[in-house]
């Protein structure tokens, strides 16, 4: 994946085409429930994300405690570590499997938001791009993403199993996602500042700029989703 990250671009394009034609093909067909399969799908991703969160956040906390914030942001040695390097690879590769989320929305004829398909397609490309460049701030990315996906997919599992949960759970998940993206912007901006001022940091100028733009777009779109969903009582699924 590190050498062939560019293949994710046509993969993302193919994904968008499948989504478009999939929605059209379902227009005059009855919705499929698939509730047991959806419950199993979300539960697997919840367990996987929890395991990833434990490993990545454990390593991140250790680095922060022993070497400090700048080291944790700028050092890329975790890519070579047997354990955390493995979970970093799985993190990048898992973005392919997470595209399966869209399948359930399409065949169950649920509303497919721009946020959903944009987030899935862009994350697939961006994650592989950052992984290929061994981007130093990437450790924060996978720690935060694993960390929020664990409760998010657990929430989706319970919802798929028809467990009624307070709306506050979904609101909290979305708020933490927004915070995650704002932190991503700030950390990459700091890494870029260090590089531009001649400091030593495993963060290229271009990949840092791309990261800031990607995280910024996510923060804006999730904020809009939060306002539309929970102030206008719009029906949909948190991405």
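Cβ atoms are placed via backbone N, Cα and C, with glycine included.
TrEMBL labels come from automatic prediction, so no person has curated them.
Now, the feature entries from TrEMBL:
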| type | residues | note |
| --- | --- | --- |
| TRANSMEM | 6-22 | transmembrane segment |
| TRANSMEM | 34-54 | transmembrane segment |
| TRANSMEM | 86-107 | transmembrane segment |
| TRANSMEM | 168-193 | transmembrane segment |
| TRANSMEM | 205-227 | transmembrane segment |
Of 6-22, 86-107, 168-193, 205-227, whichever stretch has the most CB pairs under 8 A to the transmembrane segment (34-54): 86-107
Stretch of maximal Cβ-Cβ contact with the transmembrane segment (205-227) [cut-off: under 8 Å; candidates 6-22, 86-107, 168-193]: 168-193
Cβ contacts under 8 Å made by the transmembrane segment (86-107) with residues that lie 6+ beyond its boundaries: 1, 11, 15, 19, 22-23, 26, 31-32, 34, 37-38, 41, 45, 48, 51-52, 55-56, 78-79, 116-117, 120, 123-124, 127-128, 131, 138-139, 142, 145-146, 237
